[in-house]
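Participant: Below are the features I grabbed from Swiss-Prot:
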- 44-74: repeat 'ANK 1' (REPEAT)
- 78-107: repeat 'ANK 2' (REPEAT)
- 116-145: repeat 'ANK 3' (REPEAT)
- 162-191: repeat 'ANK 4' (REPEAT)
- 195-228: repeat 'ANK 5' (REPEAT)
- 239-268: repeat 'ANK 6' (REPEAT)
- 328-348: transmembrane segment (TRANSMEM)
- 386-408: transmembrane segment (TRANSMEM)
- 420-442: transmembrane segment (TRANSMEM)
- 449-469: transmembrane segment (TRANSMEM)
- 493-513: transmembrane segment (TRANSMEM)
- 557-577: transmembrane segment (TRANSMEM)
- 650-653: region 'Involved in Ca(2+)-dependent inactivation' (REGION)
- THR685: phosphothreonine (MOD_RES)
- 700-729: region 'Involved in Ca(2+)-dependent inactivation' (REGION)
Amino acid sequence: MGGFLPKAEGPGSQLQKLLPSFLVREQDWDQHLDKLHMLQQKRILESPLLRASKENDLSVLRQLLLDCTCDVRQRGALGETALHIAALYDNLEAALVLMEAAPELVFEPTTCEAFAGQTALHIAVVNQNVNLVRALLTRRASVSARATGTAFRHSPRNLIYFGEHPLSFAACVNSEEIVRLLIEHGADIRAQDSLGNTVLHILILQPNKTFACQMYNLLLSYDGHGDHLQPLDLVPNHQGLTPFKLAGVEGNTVMFQHLMQKRRHIQWTYGPLTSILYDLTEIDSWGEELSFLELVVSSDKREARQILEQTPVKELVSFKWNKYGRPYFCILAALYLLYMICFTTCCVYRPLKFRGGNRTHSRDITILQQKLLQEAYETREDIIRLVGELVSIVGAVIILLLEIPDIFRVGASRYFGKTILGGPFHVIIITYASLVLVTMVMRLTNTNGEVVPMSFALVLGWCSVMYFTRGFQMLGPFTIMIQKMIFGDLMRFCWLMAVVILGFASAFYIIFQTEDPTSLGQFYDYPMALFTTFELFLTVIDAPANYDVDLPFMFSIVNFAFTIIATLLMLNLFIAMMGDTHWRVAQERDELWRAQVVATTVMLERKLPRCLWPRSGICGCEFGLGDRWFLRVENHNDQNPLRVLRYVEVFKNSDKEDDQEHPSEKQPSGAESGTLARASLALPTSSLSRTASQSSSHRGWEILRQNTLGHLNLGLNLSEGDGEEVYHF
């Protein structure tokens, strides 16, 4: 029953250790697990004790336990004991025999790295073997044991994430009885795993949303926190996320709605009107360092943006944007536009003087040059320009002071990489401000070449104006579309274009290398050949030709191939790629614009003084509701569903009358609801006696009937009806 002997390392394994990790990849995780499980089965077949535990062979098991040569604590390929094997295969009788013979097995964890820390209690809980769980707890199995192996971590390569404690395992498999048993035996509902996640956090991440909501309520019922402890649902993990915020980041709309139902207070019901108070704790971004709204819009999951359509988030964002966000954003856009006009004017009228001395080269066409600092501010016009330059410099400093703190707060990768948060525009505006300061330094030090940073600053500064289009529903999604095309389609296309241009430019250069450059010199110099090929690729110029001389024969062949590949194939491919990107973004343009509005609102709320942006909602202190803030929403529900049913009966009777008047016309049968929902919209053509007005009237009734019955069959809840919401503060 001894362990495996270590294998001798051959030349291959030694070479693998010496080679860099990027040359020799580690073994795939799935293959590694497959190998471990195959070794486990092999080890079970080789060990009589493990095999008897697997097969629940009690007679053999008792004989082995009486044999003094049998090591009851022997382990399998995964570092598991015989009790782990019995629990894995739900063999209660074998587990009881093993615990009677060796009670210490109850506390033994698995030693394999992938499953480290897993006890028999973890396995029994996952398999929902209630009797075995009771037996283990009776023998004082540890309810605080932690399964810390790599197979239990929150990772894309793992199919499940149940946390580390037996209680979280029981909650994730939705075993209410086992959860109660563990809590009664001292399981800590506030226990956190290595990520800081409590059992509530882990429930948010489970795929079965309905069971997760039920278990969430059960666990909260055991939260008997004292005055010195915060509520269980407000305990953050290591990322600072509470279960509520984690639901927003993950886009778990079911859990979000469930939690909001627990936070709402119905004030009154007046016929179809219902007044509801929603608790804005953790929702309102006012004064929050880790804003819920910012977390939602910056989430990598598209489902997270659906949270923005849920009550009361939708109403809160709408109020903030319409009352504060839109006016301040328009003012900010106007100020930036005036600022760019000022900077552009200063650049246009920069101090220049006539160049002294004679030109030394025939291709030199420069007639003006930059003035020295001592000569640049002498006239009245220079003083006016100086004021504009000071405004430009102060504006650049303000931009840097506003942008740099957010980089450290959010993180560079997230701040510059999230399109919804502004992403590339932050890079552009920071680069612009830096170039303005570089231009100032060059002006003060009399350094020639200020035109370089100045020209780049003008381009970047005016490109930043596109950032303010996010305040308009028609233009906002187009900025995202442009960004996706530039960083997606264009980047991929540039790699292909570079390969094609490099290959054909080299060919053109070789062809014209022996020719007279005075007759056709576009390809004589290699850099010029690259530039000419680039222009030909984009069809900026036509193919160079000189009909007074004989061109090389290979030029026609290579140019023909280049025209087919570049103009007909690759450019049209690029257009098709951009068209596909446009279609994909257009499908979610409204959703993207709402996310842009939320991100802009949070940005303005964070940067503006509190006196300019008061807190939204109703303070509960004034009405005996504590120190929390609330949002009042009025729902209007249609409480007369029988009216819709009467419309359906009218449509059915109308169909019967049409059948009697026109027996030759075949109408769809109303026996099945699916057939009613797919009522035919085709006009009857067999009868020619119907007038045009009758046909038009019949078409209108058909459309109205199809829409009404379609809504019914699509799951319209007649007990609630359609409702609209009005929010108040």
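The backbone N, Cα and C atoms fix where each Cβ goes, glycine too.
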Participant: Can you name the far-off residues of the same chain, 6+ from the ends of the transmembrane segment (386-408), with a Cβ under 8 Å from a Cβ of it?
Facilitator: 339, 342-343, 345-346, 377, 415-416, 426, 429-430, 432-434, 436-437, 440, 607
Participant: Using a Cβ cut-off of under 8 Å, list the residues of the same chain at least 6 residues beyond the transmembrane segment (557-577) that approach it.
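Facilitator: Here the qualifying positions are 489-490, 492-493, 496-497, 500, 504, 507-508, 511, 533, 536-539, 543.
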Participant: Given a Cβ distance threshold of under 8 angstroms, which distant residues of the chain, six or more beyond its ends, lie next to the repeat 'ANK 5' (195-228)?
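Facilitator: Residues 154, 161-163, 165, 167-168, 171-172, 174, 176, 179, 183, 189, 235-239, 241, 243, 246-247, 250, 252, 254-255, 258 contact the repeat 'ANK 5' (195-228) from elsewhere in the chain.
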